[in-house]
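A.B. asks: Just passing along the structure, written as structure tokens.
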Amino acid sequence: MVVKVYGPAYGCPKRVLVCLIEKQIEFETVDVDLFKGEHKEPEFLKLQPFGVLPVIQDGDYTLYESRAIIRYYAEKFRDQGTELLGKTIEERGLVEQWLEVEAHNFQPPIYNLVINVLFSPILGVPSDAKAVQESDEKIAKVLDIYEERLSKAKYLAGDFFSLADLSHLPFGHYLVNQTGRGNLVRERKHVSAWWDDISSRPSWKKVVQQYKYVV
């Protein structure tokens, strides 16, 4: 059964796509236009009652929340494709720790930047300069912590690429390539090397080339 992924043009669904490619899982995509409000239509709300992306359908199994989805497939297909969870319970603990850091410390300020710098002009609403400044400051502080961590390990959970790194790709791409904040990464030697490493993986290159960002 082919996995169906909704909303490939946006950041969080790309987290799912790159995971599926790393795990060598066949999938197809279904476009959802947020600007037209398709995520709030009754048919979509039957799949995702909160009206946000992504959501997947795998036969008669439906799942939403991107990090829940990537955890599910990394575990279900653990012996297939790239090992993304670590080989020991201690490594798994670090993978989970940095997934939580990404979700609660890394993505939120970048999300605010994306809304104010990229989406506000499209929607014709003014951006919040204060929110942009606060986001810049928060991202800088977070990346200082990453710099310290990555001075001691090649990847966030250790010497192996994992979901912890993979989960950073969609909004790291926004930060480096689309919001004009690449300097926040490039000014930090170890963060910069880590970003170049993970963003050059064939799986991510395929996602970016085949499923263009909407902005």
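Using N, Cα and C of the backbone, Cβ positions are placed for all residues, glycine too.
In case it helps, TrEMBL gives these features for our protein:
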DOMAIN    1-81  domain 'GST N-terminal'
DOMAIN    88-215  domain 'GST C-terminal'
A.B. asks: Per DSSP, how many helix, strand and coil residues does the domain 'GST N-terminal' (1-81) have?
C.D. replies: 35 helix, 16 strand, 30 coil
A.B. asks: Across the domain 'GST C-terminal' (88-215), what does the pLDDT come to on average, as a whole number?
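C.D. replies: The answer is 96, the mean pLDDT of the model over that range.
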A.B. asks: Run through the domain 'GST C-terminal' (88-215) and tell me, per DSSP, how many residues are helix, strand and coil.
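C.D. replies: The composition, in the requested order, is 96 helix, 2 strand, 30 coil.
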